[in-house]
Amino acid sequence: MGLVGVQQNGNGEMGLAGVPLGSKNKYKRMNSELPEDYDDASNQHHQEDTNKSTRRYVFACAVFASLNSVLLGYDVGVMSGAIIFIQEDLKITEVQEEVLVGILSIVSLFGSLAGGRTSDAIGRKWTMALAAVIFQMGAVIMTLAPSFEILMIGRLLAGIGIGFGVMIAPVYIAEISPTIARGALTSFPEVFINLGILLGYVSNYVFSGFPAHINWRIMLAVGILPSVFIGFALFIIPESPRWLVIQNRVEEARSVLLKTNDSEREVEERLAEIQLAAGIGNVEKHEEKAVWRELLSPSPSLCRMLVTGFGIQCFQQITGIDATVYYSPEIFQQAGVKGNSNLLAATVAVGVTKTVFILVAILLIDKLGRKPLLYISTIGMTICLFSLGLSLSLLGQGQVGIAMSILSVCGNVAFFSVGMGPICWVLTTEIFPLRLRAQATALGAVGNRVCSGLVAMSFLSVSRAISVAGVFFIFSAASALAVLFVYMLVPETKGKSLEQIELLFKDQHEWQGSEVEMGDVEHLVQKQ
């Protein structure tokens, strides 16, 4: 604080070292002419800078944590085209093709089951690292495989790695994200799955011109590249603050929360909620049942959580999305598209559509909420799946039939990406209590992967029995049931902290009426 000049004032007040100051002096304090709200404006500017820095840091953590999902998406997308050339090169049968495609999802359930306990033991961050290492081992073996048997060994390893990755990334992001942006950020793994699918489709198209004994190997080898970025990410992202609290590393958890929340007051509130949810600091802390015992004999509130989480995961797959992606070349061939290049180009259109509409979901999920997007998604999918069945059964293989089939497939993946795709994982990571979250989410991922595998491994056989159109009529019926499931059993979780959502399920009446009550509260707050 500087002083410039001297002058006696009317009150005879003295300044520094006997220098009088007052209203009549012609010199003033250096800050005396600054506006009264200068400090407020400065503080506001500083707070805005802090908020931007926090948002960038959380965004970077979500992106890096989602890189494992690129591996899953790439495998799904690339296998849809690579299988054409694997069949030609290794002379595999149709049954072997179904097993090769579907086994990854079945085996991944073992990774998902192990992932819950592993992440509780070694942390969310290092479980993601383990997932990447196992997947890359499988990818290398598949790339070099001289026979169907060796290819299957690589596929099994890749499936276990995917099982780890598919359950841990959403858990980590949900636990590190601030409440206001949790829905959008927890959607990131689904975004990266879609990006991986698109890259797989593009890889199929780009490398399809190479000889059949080499092109599918190049396609699979490209999937190894993301491991470099995952290795780099481990030096950037922190451990989950909620896992740190469970380990009694409270100061480390506070340090992470300071980086991911806008104010110290919010950090202390979040830390107190997490400690309460974890049972730390509770004087009358009672002895809790083992996690799996609690999951197998759940309380009424936990039972509602399990029905919602497990059910939404199963509905995501029994509506046929993985079959649509894996077998899109076969679907378009049935519709009348000729030639491998044309088939693979059509799949690229599907990949672009799927990726673009997941971005729409990210923009809307924390504004419209989870439940409205699920309604839009499931109703739209029901219509598109039914129209695809009609196109394949009634319109034949003419230009109109081809156009309608491509439009229906693209419409189905678009509606899936807007709601059922990302929100399935968002809900599963939101609704379970902290002490159960990792292993309950793993249980949901098991249901997801089992349904995916069963659909993928039976699609060709069932379509031979009742026609491709008949299969999509079944998928349409399953999607219609999903609409009913969302209406009856899925609560709205937008705008609630993870700890508040846990309380939401403890009272069934509050659970069913939460959407209206929350809306009323928000309306009153806005009015005030």
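The backbone N, Cα and C atoms fix where each Cβ goes, and this holds for glycine too.
Automatic prediction, not curation, is the source of TrEMBL annotations.
Per TrEMBL, the features are:
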type     : residues : note
TRANSMEM : 57-86    : transmembrane segment
DOMAIN   : 61-494   : domain 'Major facilitator superfamily (MFS) profile'
TRANSMEM : 98-114   : transmembrane segment
TRANSMEM : 126-144  : transmembrane segment
TRANSMEM : 156-174  : transmembrane segment
TRANSMEM : 180-202  : transmembrane segment
TRANSMEM : 214-237  : transmembrane segment
TRANSMEM : 343-365  : transmembrane segment
TRANSMEM : 372-396  : transmembrane segment
TRANSMEM : 402-428  : transmembrane segment
TRANSMEM : 466-490  : transmembrane segment
Hey, would you say the transmembrane segment (126-144) packs against the transmembrane segment (214-237), going by three or more CB pairs under 8 A that are 6+ residues apart? yes
Mind pulling out the one from 98-114, 156-174, 214-237, 372-396, 402-428 with the most Cβ pairs under 8 angstroms to the transmembrane segment (180-202)? 402-428
Count, for each of 156-174, 372-396, 402-428, the Cβ pairs lying under 8 Å from the transmembrane segment (98-114), and report the range with the highest count. 156-174
Mind looking up the mean pLDDT for the domain 'Major facilitator superfamily (MFS) profile' (61-494) in the predicted model? 85
